[in-house]
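As structure tokens, the structure follows; a few thoughts come after it.
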Amino acid sequence: EEQDRLLQNQPDQPQNPKVLRIAIIGAPNAGKSTLSNQLLGRKVFPVSRKVHTTRCKARGVVTYEDTQLIILDTPGLTSPLKAKRHKLDEAMLTDPWDSMKHADLVLVLVDVSDHWTRNCLSKEVLQCLSEFPEIPSVLVLNKVDLLKKKYILLELVTELTEGIVNGRKLEARSAFEHNSSSSAKPPLQITQASPPENRAREPHCLQETGQAQEGCSSDNSGDTRASESSLVAEAAQGPNRYGPRDLKNMKGWPCFQEIFMLAALRGEEVDTLKRYLLMHAKPGPWEFHSEVLTSQSPQEICDNIIREKVLEYLPLEVPYGVTQVTEIWEEGPSGELLIVQNLLVPRKSHMVMLIGRGGKVISRIAQEAGQDLMNVFLCDVRLKLKVDVKS
């Protein structure tokens, strides 16, 4: 009731409100929901190691002083063939595109730890960017803490930007020292020259220091280390619109305005990105009350969190066929939230896997989901899960 009241009533407005609508797009499992949760400071979007955990677009709201960031967490961009294989709704194909239509800025997230996909943007991402070239875009390299050889970031930057950032051609220069006796790991610095009029307001978003690399190991052999790594910008304006033929031969997007490198799961450098987003907000009325954290209803949050756990503990394609039906949702005598949800599966074999030997799997799902729900709703939650075969 409280959430409905906040969403339906007119939002409170500061004296000079500013707002920025941010679409986060990328391949499935790039870490979009993890980054959204970190920016919000609370876990309101489901996160799983399996692809397509996010099933629909949902909005997160960050309110700081007179500025409101509206984060459009979207499903991973995918193809109709993959959507059919995972039994995904048609909205999974259209929601990312719909979010782009309402965005003031787009963050393109790339998982640099995935050596199969990190060297190029997917066809779907490139199509999405080319459809909306007027929307400023920012490249976000995620999971840099899992990358042992940091100089690979230089190669990725060049490939994913087609050698152009902020309308300027990049010249990548790297000098590597071979020194097997030294175990020192210098900080990786990637700098970009900015036009004089922009230097005063731009954060150091293209720079990683030793602090940002905490917990990352250098190459095990110890025989290579970056002694100097820089990207020097040269004036060269690239075209803004690209046709199907152009996209076919492109691996990256030459219209990114900035590049950020972070580890969303650990929260490293997320504050740097957050400051950048707050700084680029534009004058305009707030869309949500300052106490709103997400546009989702409590029931939607509950469904998402339970589905997240089901995805984690069931193998392969099995969890994508689970249907959730909430049977009880009520407040207990001591203010606790009582939730009973029935999980419907298509086959008896799936029911056996979901329950687990001695009920261990379903018990673990209920326990972990209940704890997450308590952290979100800030109250005691009693969650009971049942499993049935779809009739």
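Heads up, the Cβ atoms here are built off N, Cα and C, so glycines get one too.
Remember, TrEMBL labels are computer predictions, not curated facts.
It is 73-76, from the ranges 9-12, 65-68, 73-76, that TrEMBL records as region 'G3'. Range with TrEMBL annotation region 'G4', chosen from 34-37, 78-81, 130-133, 142-145, is 142-145.
Among the ranges 2-6, 52-56, 367-371, the stretch that TrEMBL annotates as region 'G2' is 52-56.
Annotated by TrEMBL as region 'G1', the relevant range among 26-33, 162-169, 282-289 is 26-33. Residue counts of the region 'G1' (26-33) by helix, strand and coil are 2 helix, 1 strand, 5 coil (DSSP-based).
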